[in-house]
Amino acid sequence: MEKSPNEEEEKLEVFEVPTPSLPEKSNLKGDWLNFFLLLLLYTIQGLPLGLAIALPIIFQSKKIVTYKEQAFFSLVAWPYSIKILWAPIVDSLYVQWIGRRKSWLIFVQFLMGVVLLYTAINIDEWLPDSEIPNLKALVFTFCVISFLAATQDIVVDGWALTMLKKNNVGHASTCNGTGLALGVLIGTICPVLLTSEDFCNKYLRITPSTGGIITMKGFLYFWSFTIMLITTFIGIFKREMDNRLEEGHVKINVFKSYKLLWKILKLPNIRVLAIALLTMKIGFSATDAVSKLKLIDAGVSKDDIMIITISLYIVKFIVPIVVSKYTSGTKPMSAYLNLMPIRLLWSIAYVVLIYYTPILIKNNGVVNVPTYYYLILVFISIIHEILAYTMYIFTLGFFSRISDSRFGGTYMTMLSTIASFGWVVSNTLALRMIDVLTFSKCSNDDENTCSTIDLKNVCDKNGGNCLTTVDGYYVEIIICVVIGFIWYGLFRNMLKNFQTKSSSYWMVYVNRPSEEKVEDSVDPCSK
């Protein structure tokens, strides 16, 4: 007997699963406007990430915060790592006539603009030029902004699976990678370089003047209004396809969405994949989270660091395009695994460079950076960025291929959240453990460990210098690389095998024989 639509909605376990089929060859003809819209939305999402990168560099250059305080500020990235907690709400609650994704996108991006406007009003008080910043206010506010950006990520990831044609879904990772890179670039360059008096006088002005060519306040004002204007245009002009017309559409409420999430997490493949994603970034955490800050400690100026960072974004724009044939292919994780040992070993290049930096750039205590040093630093940074960003794009491509488009927001968010959580926890611990693994003492007071800013100031006032006996950075690099190779040995074959499984292995569905009890999920290969 055929079930009515209402009965179908009452049973979460019963889904009509579309017949799995291999995607057609990608062709963006007729999809270019959607491609560029996704690029714009991911750019907006990247702005808060850029600001979260810029502020620690500003803190470190002023030498007014410890690594422990840097670890505290790194909490602003955590909303990206727990967004799965509210992803089912975003997937289930919406205004039908506005659109499943537009309902949330308009609300979230308008609110993001408002919070940025509030931040602009208070930023001069929270981040004074020569005083200790108000870390609590900055962390709270940017956590809210990150929360909104993370929610926007849920919306856009889900919309990308239906906005693009089925054969073009693999290009969603290209939009994600390039758009985020552009947003992070804008959010990093402007607060660090264009507000810097030294940089502007050296590179952008004919006649030296005070201050940068923009202010942090002005930057935040501009983007708060720009985001609200863009959101208005999307609300008026962009139509969203009625989600009820999607193949295999199932309308479920919030409770059933969380139940769905739990059932996805119970799939054997997902459990193993989750463990791999949570731990895959440990091997790189010391290099990624600490190396730039250590270069600043060694004497390289923040302006020089940012100029090099700008040049690296050219790489970030190009990489998603170059590797798109792999991300839209069938085995993106094989390419990821091929690059992993190279990236782990490349950490040694950073270690050697940072160790010799004070010798290479200082002459009698005066910083004078030779040209060859910049060439070495740029070369090492470019190789590192190519490896890191290419591997990131490969994981996004893998997520796009295995996610069920019927619940794309929840599914994509679950996978990216697990990976992101492993990343931010690893980076926060890497920053926090630097001070723990570092041993120092004042040159004229063995009792003074120079472990805080106050103790360092006391040492300076007494005519001493803080001498590092064991640098925790080098210890941490060794530990992380060893853990990285252990991870590689444990998960390499598993992840390669996952790529060969059909889409049915990643869906929550049931076999419905007439007289048997409905099961939560069925492994097709068990038949």
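Even glycines carry a Cβ here, placed using N, Cα and C.
Annotated features in TrEMBL:
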TRANSMEM  32-59  transmembrane segment
TRANSMEM  104-123  transmembrane segment
TRANSMEM  135-155  transmembrane segment
TRANSMEM  218-237  transmembrane segment
TRANSMEM  268-285  transmembrane segment
TRANSMEM  305-323  transmembrane segment
TRANSMEM  344-361  transmembrane segment
TRANSMEM  373-399  transmembrane segment
TRANSMEM  411-431  transmembrane segment
TRANSMEM  473-491  transmembrane segment
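Listed by sequence, the residues of this chain that lie at least six past the ends of the transmembrane segment (473-491) yet keep a Cβ under 8 A from its Cβ atoms are 276, 279-280, 282-287, 290, 294, 337, 340-341, 344-345, 347-348, 350-351, 354-355, 430, 433-434, 437-438. When Cβ-Cβ distances under 8 Å to the transmembrane segment (104-123) are tallied for each of 32-59, 135-155, 218-237, 411-431, the top count falls to 218-237. Among the recorded stretches 32-59, 135-155, 268-285, 373-399, 411-431, the one sharing the largest number of Cβ pairs closer than 8 Å with the transmembrane segment (218-237) is 32-59. Contact counts against the transmembrane segment (135-155), taken as Cβ pairs under 8 Å, peak for 411-431 among the stretches 268-285, 373-399, 411-431.
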